[in-house]
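Encoded as structure tokens, the structure appears first; notes follow it.
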């Protein structure tokens, strides 16, 4: 079969997002700094939640999974881009491209479902506080997390199988800084309309369904917050929920703009900018949004630093 040979023989060229002009060199240095900061933030968040017993709650367990997904996402896309820019070697095999696509799509899907689970967690905590330990028991929490990872991986497998089944007979230059499906489709000489319809279905499942759960959850949360008698309780609930909604808005807004548009509306430069937003900036911003506005995380961090005599 054609694709079996291409898996090992096809070599693509990732054109990247930067050239070597002074302005682009500065921007590359900025991205490198953001990458380093995102690595440090997300690793710290995962370790902090694992180490500190006061953070061993469903909300923080889910937050640790979000940080782990962000960590894996940024490590899927950026190291190759950084290596290509520094070495000048922009080639990538179809197998390497497929690996990027699988992890990228899987992590995007898993994060979509996880954000919906996090919204449900806030709904239970605020609307049914007395039943929280029952409705969000450890077994259910782990089950929903595993389901998020599994559904994301299934989506990655479906997309990967389709991408490897295509034959590529036009220019093998990918106008992107990583192997994104939208950038790879124009290079195929195989009819892709059926796959594009499948991609729309996957986007509906991964984006529209979780967003519906989030909107429904927060409509109940907003109603409950408005009727809270204590100003302090209202402020704490609003702070926690606004952090989550900020992450949801950043992530889903960029993802929907990227994948829910008609193919005719896509342009390489625009796609690269939007992809950079949720594969580079969002993994860096998420830990900041949660940690800077969360006193429990801040206190836990201070406690860990004091234990190690760093402050």
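Each position is counted from 1, following the chain as shown.
Backbone N, Cα and C define each Cβ position, glycine as well.
What Swiss-Prot records for this protein:
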type	residues	note
DISULFID	97-189	disulfide bond
CARBOHYD	5	N-linked glycosylation site
TOPO_DOM	50-57	topological domain 'Cytoplasmic'
TOPO_DOM	121-139	topological domain 'Cytoplasmic'
TOPO_DOM	220-236	topological domain 'Cytoplasmic'
TOPO_DOM	293-311	topological domain 'Cytoplasmic'
TRANSMEM	26-49	transmembrane segment
TRANSMEM	58-79	transmembrane segment
TRANSMEM	101-120	transmembrane segment
TRANSMEM	140-158	transmembrane segment
TRANSMEM	196-219	transmembrane segment
TRANSMEM	237-259	transmembrane segment
TRANSMEM	273-292	transmembrane segment
Per DSSP (three-state), residue 97 (disulfide bond) is helix
Residue 97 (disulfide bond) CB neighbourhood, other CB atoms within 10 A: 25
Per the Cβ filter (under 8 Å) with a sequence gap of at least 6 from its ends, the topological domain 'Cytoplasmic' (121-139) is approached by 58-59, 62, 217-218, 220-221, 224-225, 237, 240-241, 244
Could you put numbers on the helix, strand and coil content of the topological domain 'Cytoplasmic' (50-57), residue by residue per DSSP? 5 helix, 0 strand, 3 coil
Cβ-Cβ under 8 Å with the transmembrane segment (101-120): same-chain residues at least 6 beyond its ends: 59, 62-63, 65-66, 69-70, 72-73, 76-77, 144-145, 147-149, 151-157, 159-160, 163, 178-181, 184, 202, 206-207, 209-211, 213-214, 217-218, 244, 247-248, 251-252, 255, 279
How does the model score the topological domain 'Cytoplasmic' (50-57) in terms of mean pLDDT? 88
The recorded stretch from 26-49, 58-79, 140-158, 196-219 sharing the largest number of CB pairs under 8 A with the transmembrane segment (273-292) is 26-49
Six or more residues out from either end of the topological domain 'Cytoplasmic' (50-57), which same-chain residues have a Cβ under 8 Å from its Cβ atoms? 64, 296-297, 299-300, 303-304
Residues in the topological domain 'Cytoplasmic' (121-139) grouped by DSSP into helix, strand and remaining coil: 16 helix, 0 strand, 3 coil
